[in-house]
Each structure stands twice: as C-alpha cells, then as structure tokens.
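Now, the feature entries from Swiss-Prot:
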- Cys96-Cys188: disulfide bond (DISULFID)
- 1-23: topological domain 'Extracellular' (TOPO_DOM)
- 45-52: topological domain 'Cytoplasmic' (TOPO_DOM)
- 74-98: topological domain 'Extracellular' (TOPO_DOM)
- 120-138: topological domain 'Cytoplasmic' (TOPO_DOM)
- 160-196: topological domain 'Extracellular' (TOPO_DOM)
- 217-236: topological domain 'Cytoplasmic' (TOPO_DOM)
- 258-268: topological domain 'Extracellular' (TOPO_DOM)
- 290-311: topological domain 'Cytoplasmic' (TOPO_DOM)
- 24-44: transmembrane segment (TRANSMEM)
- 53-73: transmembrane segment (TRANSMEM)
- 99-119: transmembrane segment (TRANSMEM)
- 139-159: transmembrane segment (TRANSMEM)
- 197-216: transmembrane segment (TRANSMEM)
- 237-257: transmembrane segment (TRANSMEM)
- 269-289: transmembrane segment (TRANSMEM)
Amino acid sequence: MSKTSLVTAFILTGLPHAPGLDAPLFGIFLVVYVLTVLGNLLILLVIRVDSHLHTPMYYFLTNLSFIDMWFSTVTVPKMLMTLVSPSGRAISFHSCVAQLYFFHFLGSTECFLYTVMSYDRYLAISYPLRYTSMMSGSRCALLATSTWLSGSLHSAVQTILTFHLPYCGPNQIQHYLCDAPPILKLACADTSANEMVIFVDIGLVASGCFLLIVLSYVSIVCSILRIHTSEGRHRAFQTCASHCIVVLCFFVPCVFIYLRPGSRDVVDGVVAIFYTVLTPLLNPVVYTLRNKEVKKAVLKLRDKVAHSQGE
C-alpha cells in the first residue's frame, strides 16, 4: 500500500436513488440479504446431510453457495448502512482495502468456479461411463483449490494496483462499495498504467472463463443431440439450464461494468446490484426450484425435522 496517502477514510455515496426511498430500499435489500444467507445455508446443509448428493456436481455447488453467502456479506451490510444514516457512508482506508480485496477475491473465485462447473457438466454428459473415475475426489479438491488460489492471486493484483497509488485529496467514492474503477478516480497521480493493467487482468479472467464455459456448452449440446431418448435429452438440458441462467446473470453485468469503454457511476452502481445482490440470491433459488434431486433432499430434510419434533 502507498505510504504517501493522506486520506484515512472514504465516503461511499451509496446506491443512486431518490432520498425518500431510503427506508423501502433498506427493507428490500435486508430481506434479499437474509434470504440469500438462509438459502445458501440451506443448500450447504442439505448437501451435507444427504449422502445421495455427495457427488462432484454438488461438491462444487457447496463451494458456490459458500462463496455467494460471503460475497453478499462483503457488500450488502455496508450498503444497508449507507441507507440508514449519513455516518454509515464512512469507511476507513484499511476497511476499504479489505472490502476491495474480498470483493474481488470472492467474485473472481466464483468466476473460476463457474468454469470448473461447466467442465464437470461436460464430463458428466459426454463421458457418463468414465465420469466417476475422471472426476475423483482428489481431482475435485484440486480443481476447487485452484479456483480459490487463482481468485486470491487475481484479487491481490487488483488491490495492490489500486492502493499503491497516493490518495491525498478527494475521498468520495461514487459507489456503494469499494471497487477499483471509482477509487482510481480519486488518486493523486497518473492512473493510466494501473487502469490498463487492471483492465487487462479482468479482461483475461472474464473473457477466458467465459470462452471456456461456451466451449464446454457447445460440446455438451453436441453430446446431448447424440442421446437417443427424449427423456435423456430433457434431463441433460435441464441439468445445464440452471448453470447457464446463473452464469449469464453473473457475467453480463461484470462485462458491462469492467470491460466497456468509459464509465458512468450511476449506471455502474445500478448494474452492480445484479451480481452483488441478486445473483447470490438467484443461485439457491435456481438450484432448488429447477433441480429435482435438491428439491427431494429438501423435502426429506423437512420431513426428518418434523418427525424428530413430533417424537
């Protein structure tokens, strides 16, 4: 971190909205946050207690639910504070560093994890007989660990490039969280090189992951079309549809914010809601409502709890 920074705290402007909407927005985002945490905790619990879900697909889903739960926790509580009172908009310099790091750490790890999950679906559908041996427990653990380590490295680059610059004057961040683009606008130095490296870094991660996901699904579609039974094709498509929905809801807003020329603070703040608030909620909804195995496990857990309480 830069030793020449004079700024000790930043002010988050919060989500762009009319002043009279503070209370309604606070209520809405609080409900969404609680549902996000409870929904992802439910998925973690269901997969943990149901032995039928101890498969590679659900192993990666537990990682995704864990990430989403904390990804939402890194961003939403502070956003709620900005809606409660003006003092809630203040964030210390070091807290801002921490939020930026964990925001990119969890976000990029999720990006890498989506890529691994698409590869897992490709192997399951294209090589059903060899799938178990190809996705062994050790390989699953290696792939999951790689996503976390890659996310950590990516986040370290973003954080160092952002806060290595001096901040000696303006301290108002035009966002509801500490993110690199709005923070760099406050630096008391030339940021062109930093912005270029950050742009290339995010571009390589986002475009690389998305390209691999697209290639996986092109191969999956080709494999599905070779399935002779309509029931088999329907089940394969249903399995992949959930993943496709979540991937699109995550990648499209990210690409819009980080990889388009120019930046509009108001538009970026609104679009960021999709992947910081809605996507973590969408994951448990999509994977429970569209997944028969998860729904069956949830009902089984409910019956088990009801039976234990009735005794």
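Cβ from N, Cα, C; glycine included.
Since this is a predicted model, take the numbers as computed values, not measurements.
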Between the transmembrane segment (24-44) and the transmembrane segment (197-216), are there three or more C-beta pairs closer than 8 Å, counting only pairs 6 or more apart along the chain? no
Out of Cys96, Cys188, the listed disulfide-bonded residues, fewest other Cβ atoms within 10 Å surround the Cβ of Cys188
May I have the DSSP-based helix, strand and coil counts for the residues of the topological domain 'Extracellular' (160-196)? 14 helix, 2 strand, 21 coil
Would you list the DSSP helix, strand and coil counts for the residues of the topological domain 'Cytoplasmic' (217-236)? 16 helix, 0 strand, 4 coil
If we skip the immediate neighbours and take only residues 6+ beyond the ends of the topological domain 'Extracellular' (160-196), which ones have a Cβ under 8 Å from one of its Cβ atoms? 1-2, 4-7, 9-15, 74-75, 78-79, 82, 91, 93, 96-97, 99-100, 103-104, 257-258, 263, 265, 268-269, 272, 276
Averaged pLDDT score, the topological domain 'Extracellular' (1-23): 80
Indicate whether Cys96 (disulfide bond) is helix, strand or coil by DSSP. helix
Per DSSP, what is the residue tally for the topological domain 'Cytoplasmic' (120-138) in helix, strand and coil? 13 helix, 0 strand, 6 coil
